[in-house]
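Features of the protein shown, as given by Swiss-Prot:
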type: DOMAIN; residues: 4-201; note: domain 'DPCK'
type: BINDING; residues: Ala12, Ser13, Gly14, Lys15, Thr16, Thr17; note: ATP binding site
Amino acid sequence: MSFVVALTGGIASGKTTVANLFHDQFGIDLVDADVIARDVVKPETEGLKAIAAHFGQAILHPDGSLNRAALRERIFAAPNEKAWLNQLLHPMIRQGMRNALTQTTSPYALLIVPLLVENQLQTMADRVLVVDVDEKIQIERTMARDKVSREQAEAILAAQASRAQRLAIADDVLKNDAENQKLLPQITLLHQKYLAMSRQNL
């Protein structure tokens, strides 16, 4: 398995942009926790079968896929149901990430985990890279991107780990405050650093 760098950051911090630059500029393999989280609840998976057995068939669309809106509604006001769902899916997602990481072939791999701090997944990586953005900018970007109100954007931010909590576990920090932030020079330096570290890790 490659040397693993976990990439995290709050909502609208620019994680996807950063990950794509690592991939497009330097050919670094990406493993995205959000993609794996969707994969483990696809039709015919054990994850979706367990969800349907627990919540009933009304949680599915007519085509057999998960009705995410219905599921969100069911767990929103029921912390015990949310806890049940997390207990079911988190081990599946962790295993999916491990499996995907074993398939990577670049000198190091980027493991993209938005909720790294919240789910205490930093042990899955050799290094943690945090994309850091001022919270006011996060709120503005979230409002513009997701077409939500300021109150909704603030609520999303409040539900995530704080900026300080993320920075506390960071080995490396990539600043992405400005609209025209020069990301590539920062990423190039980090890439060179991770290449050197991955060679030492052999």
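Backbone N, Cα and C define each Cβ position, glycine as well.
Of all the binding-site residues listed here (Thr16, Thr17), it is Thr17 whose C-beta has the fewest other C-beta atoms within 10 angstroms. Its Cβ placed at the centre, Ala12 (ATP binding site) has 21 other Cβ atoms within 10 Å. Counting only residues at least six positions away in the same chain, the Cβ atoms of Leu7, Thr8, Gly9, Ile112, Pro114, Val131 sit under 8 Å from the Cβ of Lys15 (ATP binding site). In this structure, Thr17 (ATP binding site) is part of a helix by DSSP. Highlighted in sequence order, Gly9, Val18, Val131, Asn176 have their Cβ within 8 Å of the centre of the Cβ atoms of Ala12, Ser13, Gly14, Lys15, Thr16, Thr17, the residues recorded for ATP, and are not part of that set. Between the binding-site residues Ser13, Gly14, Ser13 has the most other Cβ atoms inside 10 Å of its own Cβ, all protein chains included.
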